[in-house]
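Reading through the structure tokens given below for one structure.
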């Protein structure tokens, strides 16, 4: 038996049998698309007439009933112009008496005549079409296609100019050197590491999304589909600018102007391209004032909007940039969208509305927030999975690490970005953190504070590297905490920073594993082999940075410097920087990937 082929049609995959399939006679299997198209046109014309009868006839809630079978019309009993008394089942019209009745009869007769004429004309056109040869039909279809293409070309006048808006005040990023010689020396070393990462990418992976530093060639992952969008270039722009690497910044800008095209037939992660591309482009625009970055950000954002076309308005995780067709990851809890993905759009989309004057971006993300506010939350916690079709939670799995993390970060930053006027965001953040502290945050036997993961009513005593960002988040959110708890949250941030530092310090390489446990006598140590890797992640160093900023305790700078030295010693290769597969091995193997976020976040 011949296997059905799969052909895409408007985002769906439909089985079609090959010409030799035994399930149908040969002449049916070879029916041409153009003939089907004509039959569909005829059917569509008939259905349109039927609907026309509904839409053009008088509304029976305002007038009298009209029999679509063109039988006798039910003439209502006409009573007094002011008050109507009528028998059961009769319609009473107050007002104009017999004159109105006569006028309505004439209107209905006229409408019936119009429907008959349209019907006859459509049937006649259909008969004429069916008399034509296949060649004539194909020629007509091609003519119509050409006309549509010409109309599209005429309507495509290029991107509309964006309205001028005042630029926010950006802190000067080149305001001198640090007074301490040792700090300047360390800062120069980090800049040199950035230069090595960028120059290697420039030489071996330019235009590709990321770099394979050992193979010395371009690299990409499924989050970017099959496209080469220069993710590292866009992601690294603001770091280059802040570090004063202006020639490198200019090279990146030129590539974006000449080569960055979002009209590709590629399925991409909405979340990843939002934070890496839209976020990167907006940051570069605000730092440099170069219009190209703003224009590219808006072009991409328009490509992401179709992802929100779901029954609930919760966006798909993946969207095709060309067709606008969306879907979710196959592994995500029965077709669910992911909290950290649809919850990490707010800041960029609010800025897009500010820059374009288009309220759609703001409305999309506010709709997500309002929908979440109406939903029941088990134990006050937000599960990581939400079905965009039904609006129901998927598995009751809650994490402040992967799948959940940046949802909470964006709530807090939405409040800060609004100059603390978005009190709804702050209240949502405070309530979420209160539930997290009650159900997920625990102390180990030796006193290490950690954030576990809630899975179906059970707390798993494991913390991921991604969750280590929360130390900085708690410190950032301390000011403005309810019930004068600012000191409490600053202390909680310090405790999380200490635990995550221990996860680094207890390895051979002094680099932290992907996840670490707190049971069976092992604390802040990875147990499974597939959790022992380090892929140049920034979250622990990010928390050190926030804690240094809020406390100026020098240990946080020292911890950051130790991490930088370990990265330079164990992850640096001649072609850039690579992740390592086992931080507990003195002779680790490389994963041969220089992640774009290494330049965008870790080195920054």
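Quick reminder: no glycine exception, Cβ is built from N, Cα and C everywhere.
It should be emphasised that the depicted structure is a prediction, and the values quoted were computed from it without experimental measurement.
Long-range Cβ contacts of residue 272 (active site, proton donor) within its own chain (separation 6+, distance under 8 Å): 223, 224. According to TrEMBL, the feature active site, proton donor maps to 272 (among others).
Marked as active site by TrEMBL: 405 (among others). Applying an 8 A CB threshold to same-chain residues 6+ apart, the list for residue 405 (active site) reads 340, 399, 466, 467, 469, 470.
Residues or ranges marked as active site, proton donor in TrEMBL: 514 (among others). Sequence-distant neighbours of residue 514 (active site, proton donor): residues of the same chain at least 6 apart with a C-beta under 8 Å from its C-beta are 464, 465, 526, 530, 531, 532, 533, 534, 535.
The active site annotation in TrEMBL covers 539 (among others). Other C-beta atoms found within 10 angstroms of the C-beta of residue 539 (active site) number 22, with every protein chain shown included.
For 97-115 (among others), the entry in TrEMBL reads compositional bias 'Basic and acidic residues'.
What TrEMBL lists as compositional bias 'Basic and acidic residues' is 143-157 (among others).
What TrEMBL lists as region 'Disordered' is 95-115 (among others).
Annotated region 'Disordered' per TrEMBL: 143-185 (among others), in sequence order.
Annotation comment: TrEMBL describes 37-57 as transmembrane segment.
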